[in-house]
Amino acid sequence: MTDTTKTPTPENTAPATTAPRGPLPLPTAAARALLLAGGLATLASTFLAWTWTSEFPGDLTVYGYPGGLQWLTFTAGLLTTLFTLASYQVRGLRWLLPAGNNTPLLLTAVGAFGVTWFTILAIAIELGGLVNLEPGGWIAAVASLLPLLGALALPPATATSGTGSTGGTKETIKAYVAKPEHIPAAQPLNGWAQRLIITAVTALGLAVFTYGIDTEYGELFIGYLIVVVFAVWALHTAGLLDRFSRLVAANRGFTLAMGFAAAIAFPFTQTDDHYANIGVNILIFGTVALGLNIVVGLAGLLDLGYVAFLGVGAYTAALVSGSEFSKFSGVQFPFWAAALTGMAASLVFGVLIGAPTLRLRGDYLAIVTLGFGEIFRIAVNNMDGQSGPDVTNGPNGIPSIPDLKLFGFNFGNPHDLGGFTLGRFANYYLLMVLIMAIVVLVYTRAADSRIGRSWIAIREDETAATAMGINGFRVKLIAFALGASLAGLAGTVSAHVTYSVVPTPYQFAGSTPPNSAFLLAAVVLGGMGTVAGPLLGAALLYLLPEKLDFLQDKSLLAFGIALILLMRFRPEGIIANRRRQLEFHETGQLDIPDTPTLTGEPAVTTKAGA
Amino acid sequence: MTTMTTPVLQASGVTMRFGGLTAVRSVDFTVNTGEIVGLIGPNGAGKTTFFNCLTGLYVPTEGTVTYKGTVLPPKPHLVTKAGIARTFQNIRLFANMTVLENVLVGRHTRTKEGLWSALLRGPGFRKAEKASEERAMELLDFVGLAAKRDHLARNLPYGEQRKLEIARALASEPGLLLLDEPTAGMNPQETRATEELVFAIRDKGIAVLVIEHDMRFIFNLCDRVAVLVQGEKLVEGTSDVVQADERVVAAYLGEPFEGDPGTAETADVAAAETGAAPQSSTTSTKGEAQ
């Protein structure tokens with residue numbers, strides 16, 4: 001092997017007698033060869049037919065080019081091959097493995113194996129037996145197994161970890177999927193190269209995200225999830241995500257601009273307005289989740305009735321929309337006025353709920369907000385003119401809300417723009433991107449300021465924060481009101497997107513978003529206290545029930561299990577806030593004082609008082 | 001010591017009752033500018049309750065507390081705003097904020113940028129943020145933590161967490177600093193360093209009130225010491241006066257056997273005191289003389 005310079009591979013640092021090995025007894029060279037051969041074979045197998053009939057969705061019957069799920073196998077196989085070549089120190093690919101560890105090889109191999117075998121099994125189960133597989137399918141199954149075997153024969157961690165292969169299975173697994181502690185810093189790039197990389201990654205991200213939204217059947221979406229999860233995990237353990245986040249930190253403004261450019265570009269990649277509809281709903285859901293993130297993530301106020309503010313905004317917009325079923329059917333506000341009215345109504349509602357409840361702490365606040373959230377839905381249900389005053393039309397809601405018009409631009413009609421046709425939902429999507437931009441701006445600016453610091457201080461220790469001169473009640477009320485008005489703003493658009501408002505979506509828990517439980521889950525799942533986290537969480541939580549329609553009423557059970565697993569293994573959420581990451585994964589030694597105390601008393605006395 | 005005798009803090013007849021229990025009984029207490037005053041007493045004597053009356057956590061049942069002539073408002077955040085800052089007995093930093101952010105939170109009462117200015121980010125906002133940061137860095141320099149500005153507070157060693165808590169309290173530009181057992185759990189070197197720090201704070205013109213169990217620390221540091229026993233102020237005066245008072249000795253070590261104040265017991269007391277304070281031999285002889 002030619003590597004003697006900067007990335008020590010296990011076999012040349014450890015003495016030959018105790019060369020570290022994986023669970024499978026294979027020489028390292030053979031293991032790598034197996035990885036490479038298997039990766040290439042997997043790539044090749046996607047050009048074969050896997051089944052004889054096109055009854056299985058995606059048409060896997062064609063020789064000569066991949067189709068449907070085969071593309072996903074192809075992608076995963078390509079990643080495995082690239083990482084293997086990088087571990088061979090092939091020129092031009094070394095940057096893929098900065099730390100020289102084997103974990104990315106294993107993870108991509110598992111991804112390729114997972115998606116291929118999932119496809120094979122799906123074919124066998126749906127078409128009724130393994131006879132439905134063409135030779136190509138068998139080849140793919142064997143080919144995707146080879147890299148996995150090869151990766152398991154490689155030593156788990158990098159050579160530096162002395163703790164050991166002698167531990168139990170738990171330690172072995174941990175060593176396999178762990179990210180190395182030290183990732184060598186990248187070579188400095190000039191500004192243009194950095195921007196080029198960010199642009200390329202954003203484009204790639206848009207492509208991956210668009211593919212996910214456009215998946216036409218459940219099998220494809222599951223395969224997509226398998227590949228994306230393992231690919232991202234592999235990139236994470238390779239240290240590439242760390243390097244990229246360093247680039248992002250150096251070019252914050254540019255990345256934000258690129259992110260919004262990608263968000264704007266999304267409807268132009270769509271031919272079917274249905275997917276733009278999914279996009280606009282994800283954006284509404286994500287915007288509300290980001291608003292909730294101010295309340296929960298920054299100020300630490302557990303609000304279980306947050307969806308009510310979305311409802312207030314939506315109902316307010318519906319009432320002043322000029323719908324003939326509205327109580328004020330003669331009134332038709334222009335959009336800016338309707339948006340401001342919706343925000344103001346939510347704000348007032350937020351202050352009304354917040355003023356009495358924010359004196360409570362922790363669990364009590366959660367229960368009371370849950371109660372108020374339900375009060376909103378039930379009140380709206382009853383204001384039908386029989387049980388109560390006639391305002392909201394009760395369970396029938398307010399239908400036939402007219403489309404928005406802004407500067408003569410009717411959101412309901414398709415528009416041609418530079419050769420692309422933007423349908424109704426695409427129009428609303430672009431409007432929501434604008435609103436999202438406002439909310440992101442509000443979130444980032446508020447978080448990094450005197451008021452944002454006092455929110456975090458309140459979350460950390462309310463007594464100490466008060467002793468520092470922070471008026472806890474006032475500051476919490478501001479967070480509550482701000483969160484409420486942002487949700488109200490999103491609600492005003494959502495009323496127009498869905499044509500009608502009815503009370504049912506604004507409940508505590510249901511099987512489809514938005515509801516308070518899903519909103520909170522999106523924030524927690526994505527990563528509290530971050531901007532990207534709740535957006536990612538919202539996208540996932542919206543897409544999963546949308547795409548996996550076979551889950552139906554079991555989707556809540558699936559989410560429950562997924563959330564429990566996530567909280568067990570990654571409590572800080574998918575995208576981790578730096579603070580939270582340190583909170584949940586203490587290294588241990590950082591928290592022991594350097595100078596031991598002589599008295600032998602515990603470092604922190606816990607006498608009551610103060 | 002210069003003879004500045006303007007009172008910063010004046011507590012007169014402060015009584016705190018919880019139902020039938022009187023935790024603090026008509027305590028008169030004064031802290032003057034440029035003074036370091038100690039408050040000692042055995043466990044359960046009501047020191048922390050009295051402290052909480054000063055910081056607005058409790059509203060005294062009777063009596064008033066005035067700061068520079070104005071009666072203190074009954075809310076902790078208003079007390080801080082008025083100019084009394086405090087630290088906590090068990091360190092209460094914002095553990096997941098950086099060192100700098102902790103001090104910036106301390107600046108809360110001395111800045112007034114609200115939500116709107118944070119959202120609009122006008123020139124005033126930037127100027128205020130910059131000034132706040134400069135001031136916070138000065139304070140970190142003062143306590144010797146400037147190099148650790150971006151560390152999370154939770155990752156600081158124990159002694160530095162104490163220092164950071166003091167820096168955070170100083171950030172509110174107080175006229176009076178209340179330290180609740182600042183050397184609890186510290187080794188002698190760290191205690192010595194804290195002593196120097198408190199002197200340096202006094203030299204900035206900030207009066208300091210210290211609750212502490214470390215007698216050597218208290219008697220080295222304080223211009224005046226008040227002793228609280230069972231909610232009542234027993235003695236107040238210079239360290240010599242307090243150490244000479246046999247009631248104080250009795251409160252800490254128990255009464256001598258009645259009718260038998262023999263030399264054996266006084267010797268015991270003296271022996272016990274040498275462990276706590278160097279001057280204790282004089283104390284016991286004075287006690288004998290009385």
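Cβ atoms are placed via backbone N, Cα and C, with glycine included.
TrEMBL assigns the feature transmembrane segment to one of the listed ranges (A:72-93, A:556-577), namely A:72-93. No contact links the transmembrane segment (A:105-125) to the transmembrane segment (A:303-321), because fewer than 3 Cβ pairs that are 6 or more residues apart lie under 8 A. At the 8 Å Cβ cutoff, the transmembrane segment (A:72-93) and the transmembrane segment (A:196-214) share fewer than 3 close pairs (sequence separation 6 or more) and do not count as touching. Fewer than three CB pairs closer than 8 A are found between the transmembrane segment (A:362-380) and the transmembrane segment (A:220-241), and contact between the two stretches is not assigned (pairs 6 or more residues apart).
Residues 26, 60-66, 70-71, 73-74, 76-78, 80-81, 84-85, 87-88, 105, 109, 112, 116, 119-120, 123, 127, 132-137, 139-140, 142-151, 153-154 of the same chain, all 6+ positions outside the transmembrane segment (A:33-52), place their C-beta atoms under 8 angstroms from a C-beta of that stretch. Residues 256, 260, 263-264, 266-267, 270, 273, 276, 279-280, 283-284, 286-287, 290-291, 293-294, 404, 406, 409, 411-412, 415, 482, 486, 489-490, 493, 496-497, 531 of the same chain lie 6+ residues outside the transmembrane segment (A:426-444) yet bring a C-beta within less than 8 angstroms of a C-beta in it. Within the same chain, the transmembrane segment (A:275-296) packs against the transmembrane segment (A:517-543): three or more Cβ pairs sit under 8 Å, each pair at least 6 residues apart. Only residues 6 or more beyond the boundaries of the transmembrane segment (A:333-355), in the same chain, are considered here, and those with a CB under 8 A from a CB of the stretch are 305, 308-309, 312-314, 316-317, 320-322, 369, 372, 376, 404-406, 476-477, 480-481, 483-489, 491-493.
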